Protein chains: 2
Amino acid sequence: MKRAYNFNAGPSALPLSVLERAQAELLNFQNTGMSVMELSHRSKEYDAVHNSAKERLKRLMNIPDTHDVLFLQGGASLQFSMVPMNLLGKDQVANYVLTGTWSEKALKEAKKIGQTHIAASSKEANYTYIPKLEDIHLSENVAYLHITSNNTIFGTQWHEFPDVPVDLVADMSSDILSREINVGQFALIYAGAQKNLGPSGVTVVIIRNDLLERIPDNLPTMLDYRTYSSSNSLYNTPPTFAIYMLSLVLEWVEEEGGVKTIEARNQEKAAIVYEAIDASNGFYAPHAEKESRSLMNVTFTLPNEELTKKFLAEAKEKGFVGLAGHRSVGGCRASIYNAVPLEACEALAAFMHDFYRRFA
Amino acid sequence: MKRAYNFNAGPSALPLSVLERAQAELLNFQNTGMSVMELSHRSKEYDAVHNSAKERLKRLMNIPDTHDVLFLQGGASLQFSMVPMNLLGKDQVANYVLTGTWSEKALKEAKKIGQTHIAASSKEANYTYIPKLEDIHLSENVAYLHITSNNTIFGTQWHEFPDVPVDLVADMSSDILSREINVGQFALIYAGAQKNLGPSGVTVVIIRNDLLERIPDNLPTMLDYRTYSSSNSLYNTPPTFAIYMLSLVLEWVEEEGGVKTIEARNQEKAAIVYEAIDASNGFYAPHAEKESRSLMNVTFTLPNEELTKKFLAEAKEKGFVGLAGHRSVGGCRASIYNAVPLEACEALAAFMHDFYRRFA
């Protein structure tokens, strides 16, 4: 079997060793005579998986005791609603920085719940950059400031987080665990797993415990963070297999040397692909401004539609998967999450150089 | 490897052939060089999986064109809220039949949304029976009548569904696909997958299309059935691996001969276990009244706590898993969903007979 060069934006590449381990124990988990999917979520075997995922994430991200880790379902899209339902009080204003499609969607859901304010935006430039910290203008009575740490569609990423005197909430779906961050700086972080953490079907929420006291009563039980916090995310049946895969991916990150090592590798991988862009004299035109470039999603266009099609067709033939850009920006996108190996980036860069030499 | 006799209440046994197939193609799905978990949810390969799950369910359950099949997350517990959020209009009353813990939870969530009415209940008898059809008393201005078709904790099941002049909504989490039903009789059916359909992490909703017109505007996007209906359940990233497993389980049901065959086998399986109870002269005391007995969850107690502990300890030693009863009723419970083989029920009955002979 030849592994594809998987540049999918999510669901995306998983570490081969993780898949091999999942395969090896799929029929008989730890000599139980059952698949991990067949275990009761109240069994001691599943409990160990569940808690190991939680503890490993705490260790890897240096999550302080002030914060808790919750496992939910519904993806970041459900968090767009849950964040304001839980944290946006009456007379308060939810502040949003718009840096792309996902921030817009988050804002749209918050508007259904209460008052909102756009604290900064790069929409006028088709989201080619991340607003500067000094350009963030907060409203009065801020409930929280919401940012999208990495923008998959436009290929931009916050490299320094705003140091604001209000609760900072971040959608980190596409760059959680890709670099060292100070979790203590955030009131709440959420992330769908399907980019850096595992398969789709589980959403991680890291929440500062005191926020739980702000939650209004009478929310639907499954939409109240306290339900997950008070039950160790076991109020109802969790997505057990997705959490098992998450635990394996986290174990892999630990074995690889932790987030610091992964971050260095991600910088190396991104440098290789951006170099192919920068060496092309504008043949490959990056969507993002240089200082806002994402280490996770490299977005670029070719001189015309015909060349783009040719590029994508040749790439596909060579075993590169997922390189078509999102329809909002067109062109191409290479998503190079944690599990995408260095060799895949080298192969892509080599192909880009070659294609450039032939068609520029 | 010896397969466990898996009587878990959910997550529960999966067909061995399904697990073997998932294992065989876990690293390389249909020669893509990727795991099914690594496929984009916008790829043609995943699309085929997604649509095959939907089409197979339609075929197997004879779902009429008036109804649509949606894939959601959050389990039945989130449906407890979504049903009234979507279907309970102002000035309307949501009617509930209480037959156990899950109906109570469904009612509790509906109360947060609007007006409710208990149309019937067997709570006064600790849910040992399903109310008779003539004992259902509807309120005025009924939005819908909600029932729980099978009660995992108390081991009771509706054998005839109420023929009422209002929209009937059923939580079928624990007996969907276990017997032939007339889907056209229901306005909405929902079911977490982790009993008869697959692993946990995906929830199936079967909804009559005209209900979509009743949904109020401005619901959170992820809590609005129209979001799933208009996007073929692909508005955001679905739990792709769980849906893949669902498609394999449905394929297995088709290969086994469809729901009719499965139903006959379920009757045979349940008869074997109930016979062990009925032949014990009250040593094994069933929780459910005879005419309300569930074909999915067989609940019974032993004469005292000491014998119960002994029974469970011996059973565990012999490779029977998941036989402890829910704390609400105590005693024992054997969940014998579709994928639990006849042999497991025979082995359990043989053990029960033997234990009875030794300790009665």
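Glycine is treated like the rest: Cβ placed from N, Cα and C.
Keep in mind that this is a model prediction, so the values were computed, not measured.
Under the heading domain 'Aminotransferase class V', TrEMBL lists A:5-346.
What TrEMBL records for A:R42 is L-glutamate binding site. Taking the Cβ of A:R42 (L-glutamate binding site) as centre and 10 Å as the limit, one finds 15 other Cβ atoms among all the protein chains shown. Under DSSP, A:R42 (L-glutamate binding site) is assigned to coil, being neither helix nor strand in the three-state scheme.
Under DSSP, A:T152 (pyridoxal 5'-phosphate binding site) is assigned to coil, being neither helix nor strand in the three-state scheme. The number of other CB atoms found within 10 A of the CB of A:T152 (pyridoxal 5'-phosphate binding site), across every protein chain shown, is 25. Marked as pyridoxal 5'-phosphate binding site by TrEMBL: A:A76, A:S77, A:W102, A:T152, A:D171, A:Q194, A:N236, A:T237.
The N6-(pyridoxal phosphate)lysine annotation in TrEMBL covers A:K195. Over all protein chains present, the Cβ of A:K195 (N6-(pyridoxal phosphate)lysine) has 30 other Cβ atoms lying within 10 Å. A:K195 (N6-(pyridoxal phosphate)lysine) falls outside any helix or strand according to DSSP and counts as coil.
Sequence-distant neighbours of A:D171 (pyridoxal 5'-phosphate binding site) (same chain, 6+ residues apart, CB-CB distance under 8 A): A:A76, A:Q79, A:W102, A:S103, A:A106, A:H146, A:I147, A:T148, A:S149, A:Y190, A:A191. Look at A:T237 (pyridoxal 5'-phosphate binding site): DSSP puts it in coil.
With respect to their backbone Cα atoms, A:R42 (L-glutamate binding site) and A:T237 (pyridoxal 5'-phosphate binding site) stand 9 Å from each other. When the alpha carbons of A:T237 (pyridoxal 5'-phosphate binding site) and A:K195 (N6-(pyridoxal phosphate)lysine) are compared, the span between them is 23 angstrom. Residues from the set of recorded positions A:R42, A:T152, A:K195, A:N236 situated with their C-beta under 8 Å of a chain B C-beta: A:N236.
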